[in-house]
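All remarks here apply to the structure that follows.
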Amino acid sequence: MTNEKRPPGGVVHHVDAEDAYRQLTPKNNLQLISPTLKAATASGKAKDAEEGTIPGLYGSAVELARAASKRSNRMQLMMSILANLTVLSSGMGLGYSAITLHSLTREDDPLRLNSNQASWFASINSIACPFGGLISGYLLDRIGRKWTLVLINVLSIVSWALIAVSSSTNFELMYTQILIARVVIGLVIGLVSAPASIYSAEIATPSMRGRLTVFTSLAIALGILMIYTFGYFIPENFRMVAAIAGGCCVCSLLMLIPLAESPAWLMSKERESEAERSLKKIRGFGSCEKTIPEIEHELSRLRDNVEAQKLAGKERFVDLIRQPQVYKPLGVIIGFFGFQQFSGIFVVVVYAAKVSSEASVSIDPFLCTVLIGVTRVIATGMVAYILDTLGRKPPSIFSGVGMAACMFGIAACIFHPPAENLRWLPTFLIITYIFTSTLGFLTMPFSMLAELFPQKVRGPASGVTVFFTYLMSFAIIKLYPTMVAGMGSANVFIFYGAVSLLGVVYVCYVVPETKGKSLQEIEDYFRGKPLTRRSSQSADEDSADLSSSSSAEA
């Protein structure tokens with residue numbers, strides 16, 4: 001039997017057409033698209049209109065809605081991918097030292113780096129990262145999301161070019177060039193994460209937002225995998241690897257040309273006509289000149305969000321930080337990031353080949369780095385599903401326990417090398433460490449940043465958190481060679497394992513579970529009220545809140 005539905009007015013049409021239409025246009029506002037609908041209905045021609053034989057009537061509206069419904073998700077997906085191509089350079093910058101330190105410290109190279117110089121090369125980018133985050137907030141507000149991404153690509157190209165053309169005869173000049181390049185790529189790492197994730201959040205519908213915002217973490221993981229792969233095939237030529245990375249950034253820059261600017265930013269600059277055109281493009285309506293009720297409704301909500309941000313901006317952060325709903329989550333999330341950093345997660349990323357060698361892996365250390373990159377990409381792809389189904393605490397607890405077990409296992413393999421038939425064990429433990437860390441300790445603190453802080457302080461509080469996180473990252477990366485020299489690699493791995501276990505205790509007793517809780521419920525929890533089950537309302541409000549405040553999160 002044909003599944004049909006009778007709307008007001010007595011016109012019968014198929015449910016699939018009506019459903020496609022309802023996704024975009026409330027039937028009571030149809031006259032905004034097709035003013036002569038009533039006349040067509042009265043004359044009995046509505047079915048012809050539905051079939052598209054009467055131009056400009058109900059049928060054209062349904063066809064417009066149906067086509068826009070199909071294009072909207074594709075457009076959001078494409079725009080988010082284009083924006084996150086810029087993030088690849090961040091991942092390549094993070095992983096670059098892992099595959100080049102071997103080449104830069106070769107005994108037969110007259111321009112080789114000593115251990116202290118090599119540690120500066122690996123860690124100096126972490127010093128610049130916090131400042132990149134601060135600059136990012138200014139650029140996002142002044143020149144917009146798209147042009148911030150363009151500028152980041154230009155900086156990335158400059159950084160990789162400096163390494164690619166670095167001197168091959170003068171050590172002082174070469175060392176200066178590669179350190180400057182690492183500082184610039186550090187700025188890029190600090191600059192790039194916020195614009196791409198904010199752009200994805202601002203263009204996404206609530207049903208798409210979770211999938212799109214995880215693209216930034218996925219792009220970082222892909223960037224790391226790319227640079228590890230380049231290093232595997234070109235292990236002895238760090239300049240060539242840099243040149244290839246720079247070529248990738250040129251391609252990313254060119255791919256930004258069709259990117260639509262964020263409607264939220266355009267509205268914040270009172271450029272409403274441009275915001276409308278951009279929103280129509282992103283929602284699948286292309287260059288349609290007709291008035292679309294959903295577009296008008298979304299633009300109206302953006303206007304309200306802009307006004308709310310203006311009011312929130314009048315309160316000073318130094319005054320707000322004294323409130324428990326501000327300083328408590330600030331302490332909780334900085335502590336979580338502390339366990340993340342001192343459990344060795346980024347040490348393994350930055351010193352992947354070196355760590356693999358010290359762990360006595362049975363395969364080529366450069367091949368092991370590639371496997372590490374592949375594992376991280378796969379695990380990052382699973383995070384979006386985990387966030388929505390398991391919450392924050394269970395994956396973090398599993399992650400910490402798994403990391404500790406792997407670190408203790410690697411230390412045991414160093415103290416007592418495995419038998420011939422178990423030579424694969426150290427490789428397995430490193431890969432498993434990367435997998436378990438990505439499922440929890442690596443990703444969960446970042447995902448909780450936007451949840452724990454009230455909207456009015458989300459921007460500056462996130463900035464303070466990221467600042468301290470990168471300072472800790474610099475410290476642990478810079479100290480790794482010193483720790484290995486002073487303690488031995490096995491004891492360093494035991495230290496990382498112990499920190500991971502302490503992190504599990506911290507997650508169990510300090511970090512709150514935020515899955516299924518509204519932003520208001522989380523704020524009330526830090527005021528001293530217990531977390532309760534989330535009411536069914538306000539899911540869309542929370543999505544809008546996160547999107548409207550995201551421009552401050554840089």
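Count begins at 1; order follows the chain as displayed.
Each Cβ is built from the backbone N, Cα and C atoms, and glycine gets one as well.
Computed from a predicted structure; not experimentally measured.
Residues or ranges marked as compositional bias 'Low complexity' by TrEMBL: 545-554.
Across the domain 'Major facilitator superfamily (MFS) profile' (79-515), mean pLDDT in this model comes to 84. What TrEMBL lists as domain 'Major facilitator superfamily (MFS) profile' is 79-515.
Marked as region 'Disordered' by TrEMBL: 532-554.
Sequence annotations record features per position, and here TrEMBL assigns transmembrane segment to 77-99 (among others). Counting residues 6+ beyond its ends, the transmembrane segment (77-99) has Cβ neighbours under 8 Å at 121-122, 125, 145, 149, 152-153, 156, 159-160, 182, 185-186, 188-189, 192-193, 195-196, 199-200, 203-204, 208, 212, 215-216, 218-228, 230-232, 235, 241-242, 245, 248-249, 251-252, 255-256, 258-260, 282, 346, 349-354, 366, 369, 373 in the same chain.
Summarising the annotation, TrEMBL assigns transmembrane segment to 119-140 (among others).
Here TrEMBL flags 147-167 (among others) as transmembrane segment.
If you look up TrEMBL, you'll see 179-200 (among others) marked as transmembrane segment.
For 212-234 (among others), the entry in TrEMBL reads transmembrane segment. Long-range Cβ contacts of the transmembrane segment (212-234) within its own chain (Cβ-Cβ under 8 Å, at least 6 residues beyond either end) map to 76-77, 80-81, 84-85, 87-96, 98-100, 193, 196-197, 200-201, 203-204, 240-241, 244-245, 248, 349, 352-353, 364, 366-367, 369-370, 372-374, 376-377, 379-381, 383-384, 387, 438, 443, 446.
Sequence annotations record features per position, and here TrEMBL assigns transmembrane segment to 240-260 (among others).
Taken from TrEMBL, the feature transmembrane segment applies to 330-351 (among others).
Sequence-remote contacts of a segment are chain residues at least 6 beyond its ends whose Cβ falls under 8 Å from one of its Cβ atoms, and for the transmembrane segment (363-385) they are 95, 98-99, 102, 210-211, 214, 217-218, 220-222, 224-226, 228-229, 231-232, 235, 348-349, 352-354, 356-357, 427, 430-431, 434-435, 438-439, 443, 447. Summarising the annotation, TrEMBL assigns transmembrane segment to 363-385 (among others).
The transmembrane segment feature in TrEMBL is assigned to 397-418 (among others).
Annotated transmembrane segment per TrEMBL: 424-449 (among others), in sequence order.
The transmembrane segment feature in TrEMBL is assigned to 461-480 (among others).
Annotation source TrEMBL lists transmembrane segment at 492-511 (among others).
Sequence-distant residue pairs (6 or more apart) of the transmembrane segment (330-351) and the transmembrane segment (179-200) include fewer than 3 whose Cβ atoms are under 8 Å, leaving the two stretches without contact.
For the transmembrane segment (492-511), the most Cβ-contacting stretch among 147-167, 179-200, 397-418, 424-449, 461-480 is 397-418 (pairs under 8 Å). Counting Cβ pairs under 8 Å to the transmembrane segment (240-260), the stretch among 147-167, 179-200, 424-449, 461-480 with the most such contacts is 147-167.
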